[in-house]
Amino acid sequence: MVYRPPARSFSRIGLIVGAATSMSKLGGLVRQLALAAAFGIGPAYDAYNYAYVVPGFLLILLGGINGPFHSAMVSVLAKRDRQQARRLLENVNTMVAMALLLVTLALVLGAELIIDITAPGLALPGKETIHHLAVLQVRIMAPLALVAGLVGLGFGALNAADAFWLPSLSPLLSSLAILAGLGWLWWQLGADIGAPEQALLGGIVLGVSTTAGGLLQWLVQLPAMGRLGLGWPRLRWRWRDGGV
């Protein structure tokens, strides 16, 4: 079976998950307050709210706890030993990454169409700046589609190995990345951070920091998975292996 740390009681697991989830939620609240304070009602944050709809949906759906990848990995890996689990995870990671690379490319190429569908009001006169920013931000955040799948698979693998702290705390990393981006922007612009003439820079920083936060969620999984005997990222093309 997959290597597991010493068994924990139900109450201990509940305490770990509850504490980590609470910290993540608190981080999300601080992030939203900081965004509102920095940008208020302005083109950079308005565009971000539209641009994040599809990438954010994919991150929650594919990368979230109890998402399809997470649930499937917990169920399948719990029945296999360490070597089998590692091979299966490598196969599934490769297959999912190839598929989600295509989704990422589709988001990049179809960014303008996505904004036209999700925010048709931005096609009206006077909304050109927000429309342009939203399209740019969709393209910047498109890699979240790929990252989301890898995050979901990793969380499932960690939970199957009875590792609960990191998956529950992980969303906090996204909030911290955005807060770091805001901090850098404030250091560069000061009180002008929300000025309309700085909307392009603000929009780019929001998109990049959001993508970096998703990537960070995946990167912090790697040492934990290596320590638990689940291996490091590696392409594996044996589609006919059992469990795939």
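Note that Cβ sites are derived from N, Cα and C of the backbone, with glycine treated the same way.
According to TrEMBL, the transmembrane segment annotation covers 52-74 (among others).
What TrEMBL records for 95-115 (among others) is transmembrane segment. Sequence-distant contacts of the transmembrane segment (95-115) (same chain, six or more residues past either end, CB-CB distance under 8 Å): 50-51, 54-55, 58, 62, 69, 122, 131, 134-136, 138-139, 141-143, 145-146, 148-150, 153, 239, 244.
Marked as transmembrane segment by TrEMBL: 135-158 (among others).
Taking Cβ pairs closer than 8 Å, the transmembrane segment (165-187) reaches residues 16-17, 20-21, 23-24, 27-28, 30-31, 34-35, 38, 65, 70, 151, 155, 158-159, 193, 201-202, 205-206, 208-210, 212-214, 216-217, 220-221, 224 in its own chain, all 6 or more past its ends. Feature annotation from TrEMBL assigns transmembrane segment to 165-187 (among others).
The transmembrane segment annotation in TrEMBL covers 199-220 (among others).
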